[in-house]
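Asker: There's a structure below that I have some questions on.
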Amino acid sequence: MLEVTGVSRSFGGVYAVRDVSLSVADGEVCGVIGPNGAGKSTLFNLITGHLAAEHGRISFLGHRVDRLAAHRRARLGMSIVFQAARVFRGMTVRENAMVGLHGCTRAGFVSAALRLPRHRRDEREIVAEADRALNRVGLAEWADQPADLLPIGQQRALQLARALCARPRLLLLDEPASGLRGNERERLATLIEELRASGLTILLIEHDVAFVTRLADRVVVLDLGQVIADGTPAEVRADPLVLAAYLGQAS
Amino acid sequence: MIRLVAGLLIAAVTLALPSVLDESALPVYILLGLAAMVTVGVSLLMGYAGQVSLGQGAFYAIGAYTAALLALNGVPPLAGLIAAPVVAALSALVIGTPLLRLRGHHLAFATLAMQLILLSLAGQLEFTGGDIGLQAIPQFSVGSWEAEGATTYAYLTWAGVALVMLVTHNVITSRPGRALRALATSETAAASSGIPVGRYKLTVFALSAAFAGLAGGIYCFYTGYVAPGSFPVLMSIQYIVMAVVGGLGTTWGAVIGASAITLLLQGLNTLSSLPGMPTYAPSVFSYAVYALVLIVVVLFLPQGLLPAVTDRLVRRRREPSVRTR
């Protein structure tokens, strides 16, 4: 489904990501872990289109996407949950989820300004679908509250609802567990497990090794911008290179 | 319910005012409405696309010249009035396409430059009438009905304000509006929800230009002449002050901001023409008031007048329920 081949990106002559290749198969949960500064976020931004790759290619569902703008990649079916709380301020929880449906709906400025009948029908469907997504992540009762008042755990869940509204083929999660308390983390893990059970393909980029190994079918380990291991959680955990990277020793 | 009553009340007052106001107050009422129309667009542009246009007066001028030139060449005034916002919006698309790719205040500087260039061109070119401008523009008419007197133009203007507010409200509360509100928080997150951020910003810029163009079109029929001197750069700055004072990204705020500034300027104008005031008083007052009002609002009501008032009302209504918990 997602094929990253030999991708590199440097900042001021220093490679943040160097010649990284990885692939995510249909229906798989793939985890990317690595110590701080390993290039996880850079890799994430290269895949989602918020950074341009200097070398290499990225294909998604058979399309070459590494030259496409972020919104085009989103419309192909990449949905994202960001690390930083990126709920939209000044909008209700429901409206936030409704934004996720942007790529799947058509109504433009003209039909909105004139309130054409088609617009009303679309709008009803958008609300229904947003409410379904909110229900799925357990935010239904907050639907009419301002989104910025939610605690951080629920903001993350809201991002997930927004991502689900976009009818994703691939769900990308950037450090979803960061900043969450134990019980919030547990709830998020349960949510991700439910999504996995429903057959959604997920790429999970995460600092917390335990969180990833619990959820992922396969784990890719990054260190200093390069892939140092790729395998099942058990294989990766036993890999001496990985242990060295995490313990900060030269092997 | 409260909103409906308030809306009806405001509509009634707006409709009643033209027949109540006297000869000297009616022009102020018309100019206030025209300014409100432009300010709604500025508020939309600044509040949602995060862009500043220092050249909104240029789109006002484009609208005015478009309608005037068409009317003087025998095109029915109604067609001229419809063409005014269209031509203004198209100009915005042409100007905005390269500029909105840039970040920061490039658009502000470029629009300022555009207005200066446009004004000097209009002052030089023959078909725009040079510095003297275009005169003897026919009255606004639809078919055999012809506008006469300021009262008609007052109604026309405020119908335009209502139209602009309705369009803005409809846009903001729908799919494109949600996209705009989303990208005002985070362009990255908006793009990843499939929103073409650049195209949306450009569309808002064009929409704000269309509002200014419509106001300009009405203005040219009302005054009967347009000249480069009718569109000073200070006018563009005035719209920004009005939008900020009223509260960015609020439709009603733009109208309230336009009213507050217009009435304030009018009051100061009366004050400075009292006997005993120095001759430079009017201009000093009007410049100083922009600066002072802007500083005071940014310091004490950073959200603008309307949000400051509504927040207070909402908080008052919510407080008792919080205590009972």
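Backbone N, Cα and C define each Cβ position, glycine as well.
TrEMBL entries are annotated by machine, without manual review.
Per TrEMBL, transmembrane segment is recorded for B:26-46, B:58-75, B:81-100, B:107-125, B:153-172, B:204-227, B:239-265, B:285-309.
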Asker: Check the transmembrane segment (B:107-125) against each of B:58-75, B:81-100, B:153-172, B:204-227, B:239-265 and return whichever range has the most CB pairs under 8 Å.
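Answerer: Of the candidates B:58-75, B:81-100, B:153-172, B:204-227, B:239-265, B:58-75 scores highest.
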Asker: So, taking each listed stretch (B:26-46, B:58-75, B:81-100) in turn and counting its Cβ pairs to the transmembrane segment (B:204-227) that are under 8 angstroms, which one gives the highest count?
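Answerer: By Cβ pairs under 8 Å, B:58-75 leads among B:26-46, B:58-75, B:81-100.
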Asker: Under 8 angstroms, Cβ to Cβ: which one of B:26-46, B:58-75, B:81-100, B:153-172, B:239-265 has the largest number of such pairs with the transmembrane segment (B:285-309)?
Answerer: B:239-265
Asker: Which listed range (B:58-75, B:81-100, B:239-265) shows the maximal number of Cβ pairs under 8 Å with respect to the transmembrane segment (B:26-46)?
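Answerer: Maximum Cβ contact count belongs to B:239-265.
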